Amino acid sequence: MSVHTPFLPQSQYWKEHQLVPLGLAAGGVVSLGIASVGFAWWYGADYFHHQGAYDRNWVGYDVFTFVGLLLFTVCSSSGVTLLYVGVSALLHAWHNSLGLVAFGAVGSAFTAVGCLGMIWGKETMQCLGVFCVGTKNYVEVPGLRPEAGIGFLSVVGITVFFSLAPMGLTMLLQVALRVTGVDRRWLAPGLQQLGMNRVRVVPLAASALVLVLCWVLITFYVPNSWEYFSASRIAKNAQLRATTNYTLCQTAWDQFTCPELPWSWVFTRNWVWSNMLVLKMYPSNMFFFAYFLILLLMVTAIRVSRSGRMFLKRRLPLLWDFTWGEAGFALLTVTMLLLFFLYWIQCHNFKMLFAGGNDAGMEAVQRWARSFGQLAVALLSLLIFPSTRFSLLHSIFGTSWESSLWVHKVLGYGMLLATVAHMLAWYVFYGQMGKLPRAIFSIPPMDPPLHVDNFTVPLVSLTTWFMLVAMGVFALEPVRRRFFELFYYLHVLSFYMIVPTVLWHAAAAWEYLLPGLTVWFVDRLLRLHRSASRVEVVSAVANGSFVELSFRHVTLRAAPGQYAFVNIPELSLLQWHPFSLSSAREGCYTLHIKSAGEDSWTGRLVKLVGECGRGFSLSVDGPCGRVQEFDDYRAVVLVAGGIGVTPCAAIYTHLRRQSAEAGWAPAVTLLWSVRDAALVSMMSHLWSDGEESYLVNADLLESDVVSHSASSASEVPPLRLFVTGGFECSSVSQRDVAVSTGRLDAAAEISRVIGDADPRSVLVFACGPAGLVRSARDAALSLGASFHDEKFSL
């Protein structure tokens with residue numbers, strides 16, 4: 001039975017549960033308060049106030065001040081996140097100015113604190129960090145060394161400015177749009193449609209190339225350690241020259257640097273712009289950034305042509321789960337990482353300790369430890385890219401977030417293995433010195449003495465052990481699927497903790513993390529803006545175990561086959577679930593959602609709609625998913641099982657409309673296996689086209705097949721329903737539809753649809769149960785057709 005009740009201004013659910021977002025916001029405030037107290041304790045360390053030369057046994061901090069640093073590291077990012085989630089939920093929950101005021105107040109606070117970061121980072125920000133060329137323009141702070149806290153304050157100030165200020169401005173933009181009413185005009189029905197806007201690869205790739213070149217140039221002259229992030233130290237580093245004259249590096253260390261050992265197979269080259277600016281082309285940086293340049297140039301050159309795009313998407317022989325594009329990407333990535341690691345293990349002169357002879361200046365186990373650490377940093381940067389949902393790179397490469405998750409997982413476990421190897425190598429070194437286990441657990445690390453004043457060693461040890469559990473154990477598939485919310489938020493918390501500690505701990509870490517963090521943060525800002533945008537729930541219908549949800553969204557401009565993440569605060573503030581956009585009819589987007597059980601999120605949604613109709617709040621983050629280039633094909637075969645029809649329905653409707661309006665579109669055929677009467681009724685727009693259609697009836701059909709062909713019985717109808725659920729379906733009034741009882745034989749039907757056509761010009765698109773998708777894939781690839789499947793399992 002279908003349920004559709006009028007809009008309720010504020011549902012009873014919010015009256016009962018509005019304390020939850022208030023509690024999250026309060027928790028964020030408390031966390032930020034703890035972080036502030038922790039930072040005050042840490043700032044009291046001698047590390048920030050010592051003047052003059054250091055004593056031999058000088059440490060700079062104690063257990064109390066270290067606890068302050070730990071609290072600041074753990075609570076700062078988590079506090080910002082909790083506060084934002086709380087006030088954004090209130091923005092949607094309170095349908096009045098109060099929620100808008102709370103959201104705007106927090107946005108203003110974020111902007112103000114971000115601007116204060118300019119003051120904390122003034123030693124670096126006085127020249128914006130990258131324009132500190134010219135030693136005569138900047139002088140050292142008298143009586144203090146940058147290592148004694150100035151560099152730390154500068155990097156914290158820079159981070160606060162470039163994170164909180166954009167976040168606050170994004171929130172204030174939402175407030176301005178709502179106050180002025182501009183966003184309401186964007187809710188116009190004419191703007192709520194699924195359209196195919198071909199991605200302009202070349203302009204996007206050109207923009208990405210400019211960014212990569214800027215990143216690489218900056219790393220050629222800015223110091224590799226944040227400890228030297230003061231204007232004067234950046235200016236001095238910019239005029240250093242790389243050399244293999246190790247005597248000069250000992251006697252004129254303020255003018256020359258010796259990055260490589262004499263037996264290295266690759267050396268740093270100087271690119272002299274002036275006496276004040278010498279770009280040092282470090283081999284490790286060249287390998288890392290050349291990887292991005294080659295990847296961008298190759299993919300762009302290939303994707304500008306139809307044959308190139310088809311090649312990238314073609315499946316590998318015997319390895320049908322992977323494409324030639326993915327294989328090329330994997331080969332290029334492994335090559336870069338191998339060269340990167342070989343440089344650090346064989347060539348790099350760590351700490352410039354080489355003093356002549358055949359000794360590299362440190363024990364072999366130390367070289368292995370440091371090299372594995374650099375490899376872990378590179379992998380950490382790379383794994384960030386596929387985790388972004390709206391990355392520029394997805395548009396350039398023709399990929400999507402869900403199709404790239406396997407890359408994220410592989411790089412993630414590679415990073416964990418490199419991190420474990422880094423730790424074990426250091427433990428072996430400590431054991432050789434007879435310092436175990438004190439070297440691991442002492443704070444400050446008095447043993448071994450080379451780490452005595454390095455506060456990052458105990459900090460990164462604690463956060464790394466937490467990361468190994470959160471990102472390693474909880475990421476295992478059985479654990480992840482059973483406790484997904486716990487896995488996800490531990491994952492996020494671990495990321496927020498490990499990134500700053502790695503930036504503080506690892507030399508040159510910022511150089512390799514800069515690209516990944518930049519792309520990730522821009523993606524986060526887009527998601528903040530889209531998820532906070534106004535959403536108008538137009539209708540909500542419950543029919544059996546299904547919900548049809550129609551809405552208008554201010555910023556959502558989607559293509560057929562894409563999906564969006566949906567959050568309904570009445571059900572959960574923290575859960576976002578992906579659903580395909582099944583259509584954009586009558587001026588609104590539509591989702592069809594199936595219950596996964598009474599106690600599941602979707603089951604509670606069915607109950608909520610039954611009780612409140614459309615009287616609930618809705619947040620939408622999207623669109624996500626690959627934009628399919630259907631014009632590359634002459635025919636598209638859509639294979640759907642059950643609720644998997646949703647993306648197929650959007651594609652089917654779009655291509656049929658394009659054919660009618662533009663005069664040409666790929667021939668489209670939809671093969672849909674379904675067992676739920678309610679779902680058939682909800683998807684009747686696929687064949688009704690405004691005409692009267694007959695609904696499901698359990699007693700009407702006795703024959704196995706009822707077919708209505710557009711021209712002749714020899715043609716394959718563009719829409720075929722395979723009914724398997726113990727009910728029978730009447731014929732429908734629209735022509736070109738066939739209804740069959742029994743299971744869908746994917747191999748036979750796909751072969752029948754392709755017929756005598758060239759299979760290389762056919763795309764088979766599948767979404768549904770794993771067995772059906774696998775059968776469709778095997779059939780398509782065995783015939784030589786292209787294949788794409790939609791996956792939502794995380």
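Positions of Cβ are set from backbone N, Cα and C atoms, glycine also.
TrEMBL does not curate its annotations; it predicts them automatically.
Taken from TrEMBL, the feature domain 'FAD-binding FR-type' applies to 518-630. With DSSP classes pooled into helix, strand and coil, the tally for the domain 'FAD-binding FR-type' (518-630) is 28 helix, 44 strand, 41 coil.
For 20-43 (among others), the entry in TrEMBL reads transmembrane segment.
Counting only same-chain residues 6+ beyond the ends of the transmembrane segment (63-86), those with a CB under 8 A from a CB of the stretch are 21-45, 47, 106, 110, 164, 167, 171, 443-444, 455, 458-459, 462-463, 492-493, 496-497, 500-501, 528, 573-574. Marked as transmembrane segment by TrEMBL: 63-86 (among others).
The transmembrane segment feature in TrEMBL is assigned to 98-120 (among others).
For 150-180 (among others), the entry in TrEMBL reads transmembrane segment.
Taken from TrEMBL, the feature transmembrane segment applies to 201-222 (among others).
The feature transmembrane segment is assigned by TrEMBL to 286-304 (among others).
Listed as Cβ neighbours of the transmembrane segment (324-345) (distance under 8 Å, sequence separation of 6 or more from its ends, same chain) are residues 266, 283-284, 287-288, 290-291, 294-295, 298-299, 311-316, 367-368, 370-371, 374-375, 378-379, 382, 397-398, 407. Sequence annotations record features per position, and here TrEMBL assigns transmembrane segment to 324-345 (among others).
The transmembrane segment annotation in TrEMBL covers 375-398 (among others).
The annotation transmembrane segment is assigned in TrEMBL to 410-429 (among others).
TrEMBL lists 455-474 (among others) with the feature transmembrane segment.
Positions annotated as transmembrane segment by TrEMBL: 486-503 (among others). For the transmembrane segment (486-503), the list of distant contacts is 73-74, 77-78, 81, 155, 159, 226, 377, 380, 456, 459-460, 463-464, 466-467, 469-471, 474-475, 479-480, 509-510, 513, 517, 574: same-chain residues at least six beyond its ends, Cβ to Cβ under 8 Å.
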Compare 98-120, 150-180, 375-398, 410-429 by their Cβ pairs under 8 Å to the transmembrane segment (201-222) and return the stretch that comes out on top.
375-398
Near the transmembrane segment (150-180) in space but 6 or more residues beyond its ends, with Cβ under 8 Å, are 47-48, 80, 84, 91, 100, 103-104, 106-125, 129, 141, 144, 225-230, 233, 500, 503-504, 521, 525, 528-529, 532-534, 554
Folded-back contacts onto the transmembrane segment (455-474), same chain, C-beta under 8 angstroms, at least six residues removed:
47, 60-61, 66, 69-70, 73, 412-413, 416, 419-420, 423, 440, 442-445, 480, 483, 486-487, 490-491, 493-494, 497-498, 501-502, 504-505
